[in-house]
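For reference, the structure is listed below as C-alpha cells.
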Amino acid sequence: MNSNYLLLPHFDPSIFTLGDSNIGLRWYGLMYLLGFVFARWLAVRRANRPNSGWTVDQVDSLLFNGFMGVFIGGRVGDVFFYNLDHFLQEPLYLFRVWEGGMSFHGGLIGVIVAMIWTSYSQKRNFWQTADFVAPLIPFGLGLGRIGNFINLELWGRETNVPWAMIFPNDPLLLPRHPSQLYEAFLEGLVLFTILNIFIKKPRPMASVAGLFLIGYGVFRFIVEYVREPEVENFFGIITRGQALCLPMIIGGAFIMAWAYSRKSAVIK
C-alpha cells in the first residue's frame, strides 16, 4: 500500500441501530431524508411566489408521491439493473432494503410514474409538473453520493492522481478515484446551479425537464469512465450506467428540441 495516498477511516454506515437488529438510521438514509427536506423547502418557496400555479398542499402531495416513486423505483431498479441474478436465486432479496442500494435510473422511472399520477389527479399538464420537479432533484442526488462515500461504496477505478484515496474495505487497498465525490459535485452542485439559473429566464414548457435529463446523463456518463463498474461492460465499450444514460441524453435532447419548436408556449 502506498502511504502517499489518503487512507480513509472505516466509517460505520449506521448512525444507530435498535439492539442487535438491522433496524436503525443509516447515513445513506439520512442523506435521502435531508434531500427531501431541502426539496420541500425549495418547492414551498417557489409555490408561494405570485402566479406560481401551485399550492402548498399540491406540493406536499407531489413530494409524497415522488418519495414513494424514488424509494420503490430505486430499489426495484437496483435489483433488476444490477442484481438480477441474486433476485432470481432469492426473490425475497427485493424486500431486504438494508442489504442493497438504490438505482438512480430506477428511481427516475418511479418519479416519472409519480409525476404522471400527480398530474392526472391535479388536472395539470405533465410537463408543468416535470419542470417544477427537475430543479428540486440535484441537491438530493449530491447528498446521496456523499452517503455512498460514507458507506465506502461505489468507489472509482485505480489511479495515481494526487487526490486518490484508499478505501479500507477494498481487498486490494489500491489508490482510487473518489468517484462518489465527483458525482456529488457534478450531478449535485453543478446541475443544481445550472437548472436554477435556467428557470429564472424565459423558456418553453418541458425545457427544464429536458435540460435535467441531458445534464445528469452527460455528467454520469463522464464519471462512469473513472468509476469501478458494478457489472460487466456492454460489448466491452461502455458500462451499464453509461448504457442507461444514453436514452436520457437522447430523450432530453429530443424534449428540448420539441419544447423550443413550440414558440407559443414560452414561460416568463
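Note that Cβ sites are derived from N, Cα and C of the backbone, with glycine treated the same way.
Look at Swiss-Prot and you will find 23-43 (among others) tagged as transmembrane segment, backed by sequence analysis. Tertiary proximity for the transmembrane segment (23-43) is limited to same-chain residues at least six positions away from its ends with a CB under 8 Å from its CB atoms, namely 11, 13-17, 54, 59-60, 62-63, 67, 70, 98, 102, 132, 135-137, 139-141, 143-144, 146-148, 150-151.
Within its own chain, the transmembrane segment (62-82) is flanked in space by residues 32, 36, 39-40, 43, 93-94, 97, 100-115, 117-118, 122, 129, 132-133, 230-231, 240, 244, which lie at least six positions past its ends and keep a Cβ under 8 Å from the stretch. The transmembrane segment annotation in Swiss-Prot covers 62-82 (among others) and rests on sequence analysis.
Here Swiss-Prot flags 97-117 (among others) as transmembrane segment.
Annotated transmembrane segment per Swiss-Prot: 132-152 (among others), in sequence order. Beyond the transmembrane segment (132-152), the same-chain residues lying 6 or more positions past its ends with a Cβ under 8 Å from any Cβ of the stretch are 8, 10-11, 13, 26-32, 34-36, 38-39, 42-43, 46, 54, 62, 66, 102, 104, 111, 115, 167-169, 178, 180-181, 183-185, 187-189, 191-192, 195-196, 199, 208-209, 211-212, 216.
Feature annotation from Swiss-Prot assigns transmembrane segment to 179-199 (among others).
According to Swiss-Prot, the transmembrane segment annotation covers 206-226 (among others), on the basis of sequence analysis.
What Swiss-Prot records for 241-261 (among others) is transmembrane segment.
Tertiary proximity for the transmembrane segment (97-117) is limited to same-chain residues at least six positions away from its ends with a CB under 8 Å from its CB atoms, namely 22-23, 26, 32, 62, 65-66, 68-83, 126, 129-130, 133, 137, 141, 144, 153-154, 216, 220, 244, 248.
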